[in-house]
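Asks: Straight out of TrEMBL:
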- 45-63: transmembrane segment (TRANSMEM)
- 83-105: transmembrane segment (TRANSMEM)
- 112-134: transmembrane segment (TRANSMEM)
- 140-163: transmembrane segment (TRANSMEM)
- 175-195: transmembrane segment (TRANSMEM)
- 207-229: transmembrane segment (TRANSMEM)
- 241-263: transmembrane segment (TRANSMEM)
- 306-326: transmembrane segment (TRANSMEM)
Amino acid sequence: MQTNFLSQQFNARSLAENSTACPANATICDGTSCVLPEDNFNRTLSVVLSTVLTIMLALVMFSMGCNVELKNFLGHIKRPWGIFVGFLCQFGIMPLTAFLLSLAFNILPIQAVVVLIMGCCPGGTASNVIAYWVDGDMDLSISMTTCSTLLAMGMMPLCLFIYTKMWTDSNAIVLPYDSIGLSLVALVVPVSFGIFVNHKWPAKAKIILKVGSIVGAVLIVLIAVVGGILYKGSWIISPKLWIIGTIFPAAGYTLGFFLARIAGLSWHRCRTVSLETGMQNTQLCSTIVQLSFTPEQLELMFTFPLIYSIFQLLFALLILGGYRLYRRYRVKTKTDVEKTAQIEDSKSTAKINGGFVPDEMK
């Protein structure tokens with residue numbers, strides 16, 4: 001009798017807690033986790049902000065293109081050692097890391113699948129902005145983002161087929177090829193215009209680049225804030241996913257950097273590959289998740305892409321802050337930085353991958 005009474009008390013207390021934790025209009029309510037139906041405000045906000053963010057992103061990528069020299073860009077395409085290293089990181093390291101983290105934390109199958117989807121996504125455009133701020137190789141950054149998005153058409157189904165077999169049928173995952181195609185167009189078109197402007201009017205391109213880099217930094221933060229507003233109904237999920245969402249991007253940055261260094265790339269290219277590896281296209285992951293799973297399944301991992309997005313941004317800012325401190329206290333002049341970068345670049349490209357060597361270095 002005593003046990004039954006305690007059980008009734010516990011159930012009553014749980015119901016009371018649930019009633020305060022989840023609004024009355026929640027479509028899914030389990031414990032302290034809930035998913036709210038999409039209201040008119042969220043729907044309108046999503047459409048307006050998606051339009052604004054798309055326009056801003058196109059302008060930012062246009063400005064990033066203003067820092068790309070056509071001959072350097074073509075040099076990476078003709079001698080794609082750096083792109084190949086990035087490919088190994090993007091579709092080798094990241095899916096394998098997602099698989100190992102899912103096994104290590106013994107998460108639910110449906111949660112493991114969303115972690116793997118994140119690991120199989122191509123690089124995000126935010127990496128181009130951060131690469132600029134850490135004096136990375138912008139030609140390599142743009143070419144890596146473009147190639148990973150293009151190759152995702154075939155590599156995502158292949159990686160998901162390999163790694164999700166033990167948890168689910170890969171055919172159950174809907175890949176939005178139209179979204180991948182739009183991401184590719186939204187990247188290639190404005191960047192192409194930027195390269196053209198840099199070729200024709202280099203002085204104006206520098207001004208556009210400075211403005212665009214600042215707007216890009218603001219845009220990255222704005223996307224994180226908007227995501228928090230739009231997904232406010234489902235923040236409480238498994239603590240294991242929070243931990244994975246913290247470890248995963250950090251592992252991507254670290255492993256990408258070390259693999260690039262082992263492959264013989266110069267320091268500024270290692271920073272570029274590191275950022276391209278750790279920063280994933282989280283918007284694409286969110287789209288795949290929402291197309292592939294029911295509301296009941298979404299309740300278990302709905303906000304993981306947003307969690308990953310937040311921590312990939314936080315770690316990127318830490319990398320940026322650390323690099324800026326290093327430059328301020330260890331590097332004496334801008335001339336020294338440029339000379340060091342040129343020497344490293346010439347050594348890397350000439351001896352390792354035969355990439356483009358500037359005329360002045362020959």
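Glycine is treated like the rest: Cβ placed from N, Cα and C.
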Asks: For the transmembrane segment (83-105), which partner among 112-134, 140-163, 175-195, 241-263 gives the most CB pairs under 8 Å?
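Replies: Highest pair count goes to 241-263.
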Asks: Please identify the stretch among 112-134, 140-163, 175-195, 306-326 with the greatest number of Cβ pairs below 8 Å relative to the transmembrane segment (241-263).
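Replies: The stretch with the most close Cβ contacts to the transmembrane segment (241-263) is 306-326.
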Asks: Apart from its near flanks, which chain residues at least 6 from the ends of the transmembrane segment (112-134) lie with a Cβ under 8 angstroms of it?
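Replies: The answer is 57, 60-61, 64, 67, 86, 90-91, 94-99, 101-102, 141-142, 144-145, 148-149, 151-152, 155-156, 159-160, 163-164, 167-168, 173, 180, 183, 187, 209, 213, 216-217, 219-220, 223, 241, 244, 248, 271-272, 275-285, 288-289, 301, 304-305, 308, 313, 316, 319-320, 323.
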